[in-house]
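Record features (TrEMBL):
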COMPBIAS  224-237  compositional bias 'Polar residues'
COMPBIAS  463-478  compositional bias 'Polar residues'
DOMAIN    20-451  domain 'Major facilitator superfamily (MFS) profile'
REGION    205-237  region 'Disordered'
REGION    460-481  region 'Disordered'
TRANSMEM  21-45  transmembrane segment
TRANSMEM  61-81  transmembrane segment
TRANSMEM  88-106  transmembrane segment
TRANSMEM  112-139  transmembrane segment
TRANSMEM  146-165  transmembrane segment
TRANSMEM  177-196  transmembrane segment
TRANSMEM  266-287  transmembrane segment
TRANSMEM  299-319  transmembrane segment
TRANSMEM  331-351  transmembrane segment
TRANSMEM  357-379  transmembrane segment
TRANSMEM  391-410  transmembrane segment
TRANSMEM  422-445  transmembrane segment
Amino acid sequence: MSKGGEAAGKAAKPQDQGWAWMVLLATVLLQGLTLGFPSCIGVFFTDLQKEFQASNSETSWFPSIMVAVLHGGGPLCSILVKRFGCRFAVMLGGLLSSVGMVSSSFCRSISQLYLTAGLITGLGSCFSFQAGVTVLGYYFVRWRTLANAIASTGVSLGFTLWPLLSQYLLDEMGWRNTFLIFGGILLNCCVCGAIMRPVQLTSESLPRSASPGEEPGRGPEEAQLSNGASSPPPKLQQQTRSTACFQTLQSYLAFDIFCQNKGYRIYTIGVAWTMMGFALPHVYLVPYAIQNGVEERRAALLVSIMGIINIFIRPFTGLLSGHRVFAGRRIYLFSLAALLCGLSNFICVISAEFQVLITYCITFSLAMSGIGALTFQVLMDVVEMDRFSSALGLFTILESITLLIGPPLTGLLVDITRDFHYVFYNSSFFLISAALFMGLNFCALERKTKLREASKAPLADPSSCQYSEMPTQPQPESQAPPAVVYITSI
């Protein structure tokens, strides 16, 4: 074992105590600064339209790019964390986020906002958020579930405070100066990153242990070649490079799991389809309320109401779903939450009065907390933990694609019809159809699994034939986390 590995074995015990709780506090703040930030974009929607003379579709590309990059940059963040560590990734992300928003305050066209606020700020938020969640998994073992539940409150705090702050600053000094101030606020991600002291990992937590004749991070073919007396022929070198590239791609995008694991395939497609409709109310609720005569400050308050409810409901939902009663059945809770989100959208169609919109926000946020709390717990149910990191890579990329195209396509429909009701019709269609798709398919998969197991031998434990295509036994709490796990939240 290398000296770094020996040091890791000695330094891997400061978990669940002391400084770990400071890191948790920093992670809560990080989630509020990064994942909660896109919630305020709807406040600027109307002003940006007037400033750049842009359509609903053109304006909605700006938040769509930001959210898509925030969710889909996981593999890139993973590479950065492996190379430089979590602290560096968080601080670099804070710097990028700040630069992106400061640059946005000087933009002269909506297309420039796509690059500055959309791409640069979105990528910076991705680095800070996902690296922050990764280091949290290193600092907590015994209390990891509780730590993640507490950390998720940061998203809800962001949902609550960002819209209110945005509306106040917008009224006082306009959107350009507000974006400039946001650049300074997002720079606090660097402070959070400075708190995250590096935690050395034991050799068991690495994704793959090196054999005696193999250097860490290199494949057996490369080790064999490096130990040889002469250089291999060019053809063999090309084959080795191709194999290494394929293995690297496979480590971040688990296409083999997608093809072989039906549960993972159903769930990934279902969540990607869900995201087509899930993001629409967050982007269009404030413009919809303003168009129907709601005062701007009260319209911004609607998004904050969602955040306040999620502060209390999301951690409770996450802890409740972790109970053994729901083991192997969390997918049905997730499908139910998506179904309720879709049905709640019809409240907005009935009326756009402020009291009715408050009722909608309460109903939607209750169901939304279930989606946010269960998304990755369900993924852990259908994928083996030693492949979770790579399975999450493909999962987040497909999710980010639908997050990117959903709002602009709906905005185009609104531009054509001049009717904001289609926002909520579209959202309901995607959410309800995705909920039925996942629920019915997992029900059929579970029934098929039971019949297959019953034909082999009597079952001693009925819970073992749940929808999962891998053992559903929980991982020991003492097991170290994967080397890099990039996690997004909703």
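Every residue, even glycine, has its Cβ placed from backbone N, Cα and C.
By the Cβ criterion (under 8 Å, sequence separation of 6 or more), the transmembrane segment (299-319) is not in contact with the transmembrane segment (177-196), since fewer than 3 such pairs are found. Between the transmembrane segment (21-45) and the stretches 61-81, 177-196, 266-287, 391-410, 422-445, Cβ pairs under 8 Å are most numerous for 177-196.
Same-chain neighbours of the transmembrane segment (88-106): 30, 33-34, 77, 80-81, 112-113, 116-117, 119-132, 135, 176-177, 179-180, 182-184, 186-194, 196, counting only residues six or more beyond its ends whose CB sits under 8 Å from a CB of the stretch. When Cβ-Cβ distances below 8 Å are used as the criterion, the transmembrane segment (266-287) is approached by residues 38-39, 41-43, 45-46, 56, 60, 63-64, 67, 163, 258, 299-300, 302-303, 331, 335, 338, 341-342, 345, 348, 357, 361, 364, 368, 371, 375, 378-379, 382, 394-395, 398-399, 401-403, 405-407, 410-411, 414, 420, 423-424, 426-431, 433-435, 437-438, 441-442, 445, 490 of the same chain, each at least six residues removed from its ends. Sequence-distant contacts of the transmembrane segment (422-445) (same chain, six or more residues past either end, CB-CB distance under 8 Å): 262-263, 266-267, 269-271, 273-274, 276-278, 280-281, 284, 288, 331-332, 334-336, 338-339, 341-343, 345-346, 348-349, 406, 410, 413-414, 467.
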